[in-house]
Amino acid sequence: MECQPAQARSLHSFYGTSHRLVISASSDTTVKVWNAHKGFCMSTLRTHKDYVKALAYAKDKELVASAGLDRQIFLWDVNTLTALTASNNTVTTSSLSGNKDSIYSLAMNQMGTVIVSGSTEKVLRVWDPRTCAKLMKLKGHTDNVKSLLLNRDGTQCLSGSSDGTIRLWSLGQQRCIATYRVHDEGVWALQVNEAFTHVYSGGRDRKIYCTDLRNPDIRVLICEEKAPVLKMELDRSADPPPALWVATTKSSVNKWSLKGIHNFRASGDYDNDGSTPLTPLCTQPDQVIKGGASIIQCHILNDKRHILTKDTNNNVAYWDVLKACKVEDLGKVDFEEEIKKRFKMVYVPNWFSVDLKTGMLTITLDESDCFAAWVSAKDAGFSSPDGTDPKLNLGGLLLQALLEYWPRTHINPMDEEENEVNHVNGEQENRVQKGNGYFQVPPHTPVIFGEAGGRTLFRLLCRDSGGETESMLLNETVPQWVIDITVDKNMPKFNKIPFYLQPHSSSGAKTLKKDRLSASDMLQVRKVMEHVYEKIINLDNESQTTSSSNNEKTGEQEKDEDIAVLAEEKIELLCQDQVLDPNMDLRTVKHFIWKSGGDLTLHYRQKST
């Protein structure tokens, strides 16, 4: 299970339609239909079972195709998608079968008569989307096919591959009719002009070229980006295209001018033999749409609740994992110094893992360690209504907060009759507490349920779990270990730590029988000191004064004294000959001071007066 600071994970492809719709595909396995005019998601299509890597759109037919790592291609009627609402979101789809490997690229001609897919199989597969019939398989590439384009009537296809080549295919002849070796590394993105005479290409080498398909020796280096090129889109407001929009592995999108490219070619100032380095036509983009900075470094602090991060702009931020929010922007400060400044001599077990692949903090909770960390309410900064200091499980609290809006978590099935209503002054009062009773996470926090291998099962925002459709899908998706905590309210058991307690060699006391003790790993050292004072030191004193006439008086005095204060005044507890802070807990002692295999061993002695 994951939570992220919204489509979540990488957005791989999107298309705008004539209906003012935007269709997007993501590695969260969904295809989303957006109302571009009003800016909201109309529906989420959950047909794919793995990352959705590509979309294709037939403008004349109003047909959209989606494909991804699950090797499936689905066809969607845009007119049907426009009618979707939150309550009316059932849609039928056709599928194209036959792919043997993960699909990374997809193309469909405007007339909707041909669809082509590219995959790690290194071949192009071709279908007729009207009948879903397989037409052909085209071989030639030696690596993943990352980009595809079709001409209007579907007779020719351009493909870009990680093998570094661009190929032009004749679908009528079912063969490659030209190969263009323009780039030094993989070709990941292609665009072509309306006449299908010039191809614009970019990829891993960061260079963007325009190549004349009729004369492969003629190529122009338009620009060189600062990062590998992922996607490109021609500005088709005029012919020839005046500009090219480029997205790279960095977060900003650049607009590069193409206005001088035709004069550049006409003058003969281009590369026709590849022997000399080309000078880029443009050195600066005409326009930049700035993206957000990506988090590139993080450090989990000792309390296993807070994280320090550093982004691509060298800004450092302080985050609260438990509340799923940013606490503070620290600016351009020394990252390592901030880590040192916030170090605490406290040990809390790991209960989550962190991933930065999306450029954001992605927190993963796994059944194996989600419930490993217990803290006291006081240490967590929470106050209890009854004034007590209960022990809180961090993983349990976060799960309850993430699913707070899910109606199923609002009633404990074990006590349903008792909890349902409470008549107070003739009114009904819901006695069931939502969430965890201590804090809430931001309602827009994305939550992703996935399998161990990484495949996403279901993704939603926290606030959406109260919806009828989302609630039903949660019933089918949420694993039992999460149900136990959020629905049944069955908190996990405390972690126990075994240890031995012996008199210190300097105390002069004889060594006790080596009994193996066990206690909660959150037990503070002062509680062990109280145990030593009350159960060991006091018993020794009482046995020595059994015949004393003052024995009864001594017992009365003991009852009046605060055992805790006396223990701290008279007893020292040591580990590895280091006197322990009474505020430390056993797990901190074991982690920072014991540092050895086997069971923890503690020694005690009376303070010298």
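All residue numbers here begin at 1 and follow the chain in the order shown.
Even glycines carry a Cβ here, placed using N, Cα and C.
Bear in mind that TrEMBL entries carry predicted annotations, made automatically and left uncurated.
Annotated features in TrEMBL:
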COMPBIAS  541-552  compositional bias 'Low complexity'
REGION    539-559  region 'Disordered'
REPEAT    20-44  repeat 'WD'
REPEAT    45-86  repeat 'WD'
REPEAT    96-137  repeat 'WD'
REPEAT    138-179  repeat 'WD'
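Within its own chain, the repeat 'WD' (138-179) has Cβ neighbours under 8 Å at 104-111, 113-114, 116-120, 122-126, 185-192, 196, 199, 201, 203-204, 211, 213, 216, counting only residues six or more beyond its boundaries. Residues in the repeat 'WD' (138-179) partition by DSSP class (helix H, G, I; strand E, B; coil) as 0 helix, 24 strand, 18 coil.
Sequence-distant contacts of the repeat 'WD' (45-86) (same chain, at least 6 residues past either end, Cβ-Cβ under 8 Å): 10, 12-15, 17-19, 21, 23-27, 29-33, 92-97, 99-112, 115, 117, 119, 127, 129, 132, 455-456, 458, 467, 469, 473.
Note on the repeat 'WD' (20-44): DSSP counts are 0 helix, 16 strand, 9 coil. Note on the repeat 'WD' (45-86): DSSP counts are 5 helix, 19 strand, 18 coil. The DSSP breakdown of the repeat 'WD' (96-137) into helical (H, G, I), extended (E, B) and coil residues amounts to 0 helix, 23 strand, 19 coil.
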